[in-house]
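Undergrad: If you look up TrEMBL, you'll see 1-11 marked as compositional bias 'Basic residues'. Positions annotated as compositional bias 'Basic and acidic residues' by TrEMBL: 67-84, 118-130. Annotation comment: TrEMBL describes 91-100 as compositional bias 'Low complexity'. Residues or ranges marked as domain 'S1 motif' in TrEMBL: 186-270, 286-349, 372-442, 458-531, 548-616, 636-705, 720-790, 810-879, 922-984. The region 'Disordered' annotation in TrEMBL covers 1-157, 1080-1103.
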Amino acid sequence: NPSPIRRRRRSQPQCPSPPPPGRLQTPEPLAHPLPPSPRALAAMAPHGDRKKGKGADRPGKPGLGPNRKEFKNHRKEEGEKAGGAEEQEQEQQPAPHPAALFNAADDGDFPRGGRSLLSRDEMAEARTEAEVEFEKEERRGKKKRKANVSSGIDGDDDLGTLFGGATTGKLPRFANRITLKNISPSMKLWGVVIEVNQKDIIVSLPGGMRGFVRTEEVSDIALHGNSKDNEGSVCAEVVHVGQLVPCMVLQVDDDKKEGKAHKRVWLSLRLSRMYKGLSLDAIQDGMVLTAQVKSVEDHGYILYFGVSTFSGFMPKAGKETVKIESGQLIQCVVKGIDKARSIIHLSSDEDLISKSIIKDLKGLSIDHLIPGMMMSARVHSVLENGVMLSFLTYFTGTADIFNLSSSFPSGNWKDDYSKNKKVNARILFVDPSTRAVGLTLNQHLLRLNVPPINVKVGEIYDKSRVLRVDKKAGLFLEIPSPTPSPGFVSIHDVSDKDVKNVEKKFREGSLTRVRVLGVRHLEGVALGTLKDSAFEGSVFTHADVKPGMVVRAKVVTVEPFGAIVQFSSGVKALCPLPHMSELDNIVKPPKKFKAGAELLFRVLGCKSKRITVTYKKSLVKSKLEVLASYADAKIGLVTHGWITKIEKHGCFVRFYNGVQGFVSRSELGLEPGIEAESVYHVGQVVKCRIVSVVPTSRKLYVSFTMSSNRVIQADTAKVGTIVSGVVERLTPATVVVSVNGFSKGSILNEQLADHHGQAAQLKNLLKPGHEFNQLLVLDTEGQNLVLSAKHSLINTANDIPSEISQMQAGAVVHGYICNIIEAGCFVRFLGHLTGFSPKDKAVDRPIEKLSDVFCVGQSVRSHVLNVNAESARVKLSLQQSMCSSPDCSFIQGYFLLDQKIAALKYSGPSTSHDWVKYFGIGSLVKGEVGAIEEYGVILNFKDHPDVVGLIEHHQLGGSTVKVGSSVKGLVVDLSDGVVNLSLKPELVGSVSKDGKKKKRHRAAVLDLELREEVNAVVEIVKDSYVVLSVPEYNHAIGFAPLMDYNSQLLPQHHYDNGQCITVVVGSIPSSDPSGRLILLPKGSAQDSNISSSKRAKKKSDYKVGSLVEAEVQLFS
């Protein structure tokens, strides 16, 4: 009987390849078999002593029969071969179907031996006709096969498909290779890490593809992102650049960008995916596993494999070349298995890991094959672009020509792989769906080393030698880099024109010029091009792009955020929306930007293959030198930049390649009082001059004034000196003054007062011509002086530092807040000297926002915690517990400025100049009741109609008043044109009828001593202070502050009218410039400086030399 393979082969004469040995396939049975014809019976009849059939062994005819060794037991074997030609003739007939003949031949009604039903002459005639028909069919089959090959059929179709399974059956023509067309989820791949970013990892895969690993797919173990190298990236804790890792495909995204389909491969490094279903029984000694360090112990490392059924322990090596930390992915080899405790003992010996070979194990399935495993294999067959290998008894895999032992395959590379040759191979990829396995014989990868790359992308190598010419794939080259590197040029990159015969144009051993396009990191192969267009133009790859270069590009697409443009070489770049026009505040792209338009651009920068360009004409056509690095910044260099941010103290200017500089307000070329926003705008191109540069700290200071020669007045005030000034004009944010008759100065609104509420009041009353007697020079901006009228800064000008060398840890100095960020406050002193107070050191209690308790320009007292002269950093504390005022300077400054505000407010011709003296604190005045309101009684004064009197209801002292009646009251406060009076008998009675104070027989007001502790009664509670009376000293009127420099916006202590409190004398009227008795609440004064009253001193029981117990309350 004819073999089943012969039956199947004859039914498909168009197949060009002979069938492989040993593959048995059952033909499809017919529903209604037809009886055989006499000619067919003659073809199947025995032929006696006749020699081998002519259809099989005629010269020039391919043998269609199977290997005879597989069919030794067939008795009529030679007769069946001889009848092959006649059977071929029957296949051309429409009926009966060839399968019917095969079924008839196998039927039991036809004995294996015996006489034929036809005569000898009839059988000879039938054979002759069959042979002639067979030859015709054979010629038709060859033509058809030739046409198929030329048209691409049966050619590249097999190149992109994956196959797996046994080595029997139809053998493939090409080795398995992974492409974007056949890659699919659940594939396991071997790759090398080429980038570690903060949010993802980029892995180079087989075939030069790239895969991306998101942060959540990096590890199964919770990590904290403590790496310093990558800004706290979790990815950097797990892997490093150049590390070989096994990974699994999660998904392949199809994105359509710019009209083309782009695919992005997303991977996972999680061992729970890679080792899913792995059991302890599948582990064997000598097996190499990838593990993650779960924890670092004293004697070793606890390892995690993604499964909960077992764990691993690896002892610390005597000399570890690489430090192993928690979270890292490492490779280790199994040294022992403790099944009782489900623990694997492992080793990190690199030599042992690189030489370990996996052994055949019962129950081993394709799920246990992990990329990177090494095993012994045998060459099964040689394919057109690689070899097929068999390994671990049941499995087969292929290694393409890029993964052979030699990195430089020659034209006779197939001679190196004889059948059954033993080799070592590592798994490159595994596809569970098709059971396809890719292998590598690369000697570097066998030793677990990434193949070296000795070429640079974009470089041109003139004398590259052609090693092999593949008419379907391309050229294999040897690139003459410092160390010869393997290269490959695809058939599509051989020439700009279609090359019909590559073998004639390029011969093995010839030299050619190649430009490197990219690199296959895993195979260590450089990808190049021989196209003439590749050697033309200034930009071919991202590596050719230099900041500042002018290029012509075509607009590909226009988006709301900008335009995507493409250079002639295919490299793409982004022109951001602000750089699409010279105008500012561009809402939509200009009309010039249309798809297909070719425009001239200048490269702004190139980072991580992201190129940005500008279309601003002033930048594109600029003839000035390009500034693209801090090292290139030379003092005096004039160049173009563009403004990125405008602030009160200056502008930030951007140059090429991310270089940024700062222009202080003095270098903006503005007149005093002119705001920068009114002259400049963000995005504006400006000509800049380099003033100073510190390349190591990436600090650059520039100026908008082109001339460095300035006229410096001899009498120019220096920083920290006290000057006087006359108001010239007012702007919304500043007060412009003339200093010494020729210098210009500016006072910011927040620098007018220590109390933030009084600054606005004073600004509203100022007019040109008003003179400031004392102003502190905070800084100089060219010839313009930056001034302050703050009482606290003027009084302590000699103690405020201007250089970091003047700062000492532990000192408390006055300053003002210049900026507030989420992390803390910046405090400015004189000049540019600035300190920083962290958020936890700014206030005593936790606070959500610092802007709720501080404001820019606020006067503060700062406690110096630390001074670092090398880094020029000063750490401060603004906590009230450490920075409280030891004196009453804050409230004194408040009252002094309040008097000034009152004088300016009531300085008109209709206002009497002696009204302040008339309404002195503690004097009796007479007024007429004008109205009675809910908040108190309103009084009018005949001689001072602009002044209003107020008696709060609790200050009536039981008196009954009516509208129109006259009353006499004691002045207890005078503020903002309102006179507060009291009718309390004890207060009114403390003054004689002539309006002068009585002197009590026990003590007088002048008998009060500084720092003396006395009892006081709360009379009136104001927003910033309280009015008190001291019964012990003839009901003297005093004032106590409710806030301090650092606590102006903090919640204040609550006091009730009539409440009795203990205070300390801070300043007496005779010596206080405001003429008021200043009292400090006991909690805010320095207890160490408090002296007790005279009576307390007499009653003291302490003796000199006695031992006492004391509590430390303050360090000074």
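Each Cβ is built from the backbone N, Cα and C atoms, and glycine gets one as well.
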Undergrad: Tally of helix, strand and coil residues over the domain 'S1 motif' (286-349) according to DSSP?
TA: 0 helix, 34 strand, 30 coil
Undergrad: With DSSP, how much of the domain 'S1 motif' (458-531) is helix, how much strand and how much coil, in residues?
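TA: Reading the DSSP string over the domain 'S1 motif' (458-531) gives 7 helix, 38 strand, 29 coil.
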Undergrad: Give the residue counts of the domain 'S1 motif' (636-705) per reduced DSSP state, in the order helix, strand, coil.
TA: 12 helix, 35 strand, 23 coil
Undergrad: Ranking 186-270, 286-349, 548-616, 636-705 by Cβ pairs under 8 Å to the domain 'S1 motif' (372-442), which is first?
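TA: Top-ranked stretch among 186-270, 286-349, 548-616, 636-705: 186-270.
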